[in-house]
Amino acid sequence: MSGICSSFSPSEEEIGAADLQDTNTNQRKPAGWKAMPFVLGNETFERLASFGLMANFMVYLQSEYHMNQVKAATLLNTWSAASNFAPVIGAYVSDAFIGKFWTIAFGSFSSLLGMIIMTLTALLPQLRPPPCTHEGQLHGQCVGHNKAQLGILIASLCWLSIGTGGIKPCSIPFSVDQFDLTTEEGRKGNNSFYNLYYTTQTIVLLITQTVVVYIQNDISWALGFGIPALCMLFAIVLFFVGTKVYIYIKPEGSVFAAVAQVFVAAYKKRQLNLPADEVDGQFYNPPFSRSLLPELHLTRQYSCLNKAALIVGDEVKQDGLCENPWRLCSGQQVENVKCLINIIPIWLTSVLGFLAMNQQGTFTVAQALKMDLQFGPSIKIPAGSVGVITLIAIAIWLPFYDRVVVAALEKVTKQEGGITLLQRIGIGNLFSILTMLVSGFIETERRLSALSHGGTDGIAPMTVMWLTPQLILIGFSEIFSIVGLIEFYNKQFPEHMRSIGNSLIYLTFSFASYASSIVISVVHDVSARHGSNWLSDDINTSKLDYFYFLIAGISSLNFLFFLFCARRYHYRSSVKLM
């Protein structure tokens, strides 16, 4: 199909990176797992670099740049917001203009540049404020940063955000491109990839929150930043080593224009009646030229949009191309738009579904600070490191689930993957509800213990390991919901919008953070006006358990809405054919 007719129209994969813009035929068979050492290796080292750089960044801003907590948090939140939005832009550029390979490559070099600048701020004294004692920091007597020093720091963060925008939305879709989804072997490899991807990410997080943070705090900030920069350099080298193995999919123009074309063409033909039965020649359905992906046939779902593919008069030229893409669209293009319509409600439910996860990085740490952090006779657990329990649970359970549980379920359900994608996401939502309920009960016990038996410091005579159940449960929630959503977006989005689909994960995180902030603000204001602040500065006089139960209630209502949407969702190619 011609690119002028449809930005969704199927294209041929290219032979190599050097031929990305010129190749019209693809002779290479997808390498599958043979390409993963290069692709997944690049992703692993990139994540080790980015997570390692940011794992302790709040401490770096306060200790080395002498920023107060509010200013440091504001800078960090601003950078986080930009980094979560950047993948949407990177996804559009990838799918519409330069392709996934070059988007990842550009993003990798941008990240490397940002990391080098960040390392230099720790290595060169003139790039940061003069040193200051701990007492000077407590009394606000330290010399602050000047505009040039802050500008260099912000420049490094900008390059890192650009790098995030290039790498994160394209890394998973580019990996999926390496599997032949028309074969059983390719589909099984693709299914296992998502679990392996999240497992490696969890292991990387464990390393960064322990080893890298230790180096930064106790040895040297320059070394702690330099190691992630070297990892990023190694990731780039590994990525380019595999260029002769990769499958490359050519971008085909604006995907948003293709969506608009379907609605415009259907509107222009709104007065026409659809035929009762499909007859050859009535619908525009040129041959599907891409052999590595399943073809979508025109279905009865949202049948009003099928009018966009209804041929009227001489809308098809003698060479088989459409005369005007704003009056006639292919059946494949129409079905791709239907996929987008189906996905939007599921995406909306995932925003509130992540509310429980948002609480684990804030209030769980506040709980840990008021509990006995001693582990054994000589080990004291940092309150901010209790989240490692979640990572350990994910690292242990996810490979077991992929290799043992899925195989057992497939024998029972005869379903590829054991359960459907939406069932997996739904189980994750149930675990998030259970997490909040358990968190509420544990907090009730902790607060009662602190008020009745605690010392003057307000610390409850309860070991911090009491938080283990809720931390393990939230890990299960991540395994099912986040990994499920990643797989859902990459399998259900049209092929030429996979990068945009993958970027929805980061938009979900961003919107979930905003939703969490709104809920916290409303609860804080309303409960304070009624004389019993649920979220006061003193956690022992707060009603944090009530807040957890409220989140469980909101998540339960969201789960009912999810069930409503899931029951009406039609998987690609699963609707009755016309």
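Using N, Cα and C of the backbone, Cβ positions are placed for all residues, glycine too.
Since this is a predicted model, take the numbers as computed values, not measurements.
If you look up TrEMBL, you'll see 1-10 marked as compositional bias 'Polar residues'. The annotation region 'Disordered' is assigned in TrEMBL to 1-28. The transmembrane segment annotation in TrEMBL covers 101-124, 196-215, 221-241, 340-359, 379-400, 421-442, 462-483, 504-526, 546-566.
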Interface present between the transmembrane segment (379-400) and the transmembrane segment (196-215) (three or more C-beta pairs under 8 A): yes
Proximity verdict for the transmembrane segment (546-566) and the transmembrane segment (340-359), three or more C-beta pairs under 8 Å: yes
Close approaches to the transmembrane segment (379-400) from elsewhere in its chain (Cβ under 8 angstroms; 6 or more beyond its ends): 195-196, 198-199, 202-203, 205-206, 209-210, 360-361, 364-365, 368-369, 373, 464, 467-468, 471-472, 474-476, 478-479, 483
CB contact flag for the transmembrane segment (340-359) and the transmembrane segment (462-483), at least three pairs under 8 A: yes
